Amino acid sequence: MVCGGFACSKNALCALNVVYMLVSLLLIGVAAWGKGLGLVSSIHIIGGVIAVGVFLLLIAVAGLVGAVSHHQVLLFFYMIILGLVFIFQFVISCSCLAINRSKQTDVINASWWVMSNKTRDELERSFDCCGLFNLTTLYQQDYDFCTAICKSQSRTCQMCGEKFLKHSDEALKILGGVGLFFSFTEILGVWLAMRFRNQKDPRANPSAFL
């Protein structure tokens, strides 16, 4: 059987969905590991990552079952959902790569002041910093109540905003790049599913309409 035939398309689609399943399980595992070690305490962040992992796992299972059984309905909905995920992920990835430092500062500043005091304290201890940006009188209040280790070891602590900007810039580039790469694998999945869906199973009745 030459590559491009029924068996080749089926195996390629199955392999792609197995990769999606591994990625989804990795997302769920990393979120649980981060929560278990106390690296991330926000239930919203943990819930979001787990939700993405579960959603990707369901799509992968649907695609895998559709590929193995050559199920027309499952493959159709798999193509539609994966196509929508591609559009959403492509836009988000491009946005991550396009956000400049000024926009990141605005987002960090807005997020900081809606956090609870407990979350701020945990971030200050985790990043070993005090306060956000030394732009307002509220910075001094944050600094006075800061419990980071650096405050007990030296007279001054680095501002959390500077550390957040460094990490956010790196994270946005990584997320944007990885997201952009995986978005094109989703287009590959849509193309494989469409091609496989329109092929006839050589083991089935040749006169049957598929």
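Yeah, the Cβs are placed from backbone N, Cα and C, and that goes for glycine too.
Here the candidates are C146, C150, C160, and TrEMBL names C160 as the disulfide partner of C129.
Summary for the disulfide-bonded residues C130, C160: the Cβ-based neighbour count within 10 Å is maximal at C160.
Here C150 (disulfide bond) comes close to D128, C129, C130, C157, Q158: these same-chain residues lie at least six apart in sequence, with C-beta atoms under 8 angstroms from its C-beta.
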